[in-house]
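Shown next, in structure tokens, is the structure this report addresses.
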């Protein structure tokens, strides 16, 4: 049996402030660091020994991965970073408070911006300083590939080539792989793996720093998937994520 563990980063500063984050490079909160270490403890207790790990270019995912591997005493394993694992780009919404935005535009519109499959928020302007083309970490990425906004469909189209060509083939020579990334980038992978419809993916809520295990047979066919942890606690965490974009 082979496995890939998907892990959303721990709570970030803008998660705590209920802001749209996207490609903004915000740090983890103290709670987020503790969540990451807790995930590391859980994975260690379950006996996971990872052959390789993947993460994004954003520090909240990178630090989550570092905390997990540190707690597991597996800091030495090879790690590959890719911008393709970054969070969905929220365009002009980045930095705005989700509840305040819902008060202004309504819960339904914010849900569409957050979770619809093919509708993107209004894009950043070309000269907006938040445009990724001004960020040195993306200097080797062609400008035409760098988003100024994204729908989940756009995010999936960005991620899947990397999943299919880089991450998943690693299972041919590895038994266990860890991917530490973001809510929407991971939802794109999960949608693909479980063949979830465009309509149903709107209702998938991933809690922070809860390992989601996907098990494959020797022919690399998916045979099982499950969260690690207490089911009731995980359910409450999912509900909290679902409520982030609602009016208070």
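Using the three backbone atoms N, Cα and C, a Cβ is placed for every residue, glycine included.
Now, the feature entries from Swiss-Prot:
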ACT_SITE  9  active site, tele-phosphohistidine intermediate
ACT_SITE  87  active site, proton donor/acceptor
BINDING   8-15, 21-22, 60, 87-90, 98, 114-115, 183-184  substrate binding site
SITE      182  site 'Transition state stabilizer'
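Considering other CB atoms within 10 Å as the measure, the emptiest surroundings among the recorded positions 11, 87 are those of 11. For the recorded site, residue 183 (substrate binding site), the DSSP three-state label reads helix. For residue 22 (substrate binding site), applying a Cβ distance below 8 Å and a minimum sequence separation of six or more within one chain yields 87, 88, 89, 90, 91, 93, 94. The shortest Cα-Cα distance from residue 182 (site 'Transition state stabilizer') to any of the recorded positions (9, 11, 14) is found for 9. The separation of residue 183 (substrate binding site) from residue 9 (active site, tele-phosphohistidine intermediate), Cα to Cα, is 8 Å.
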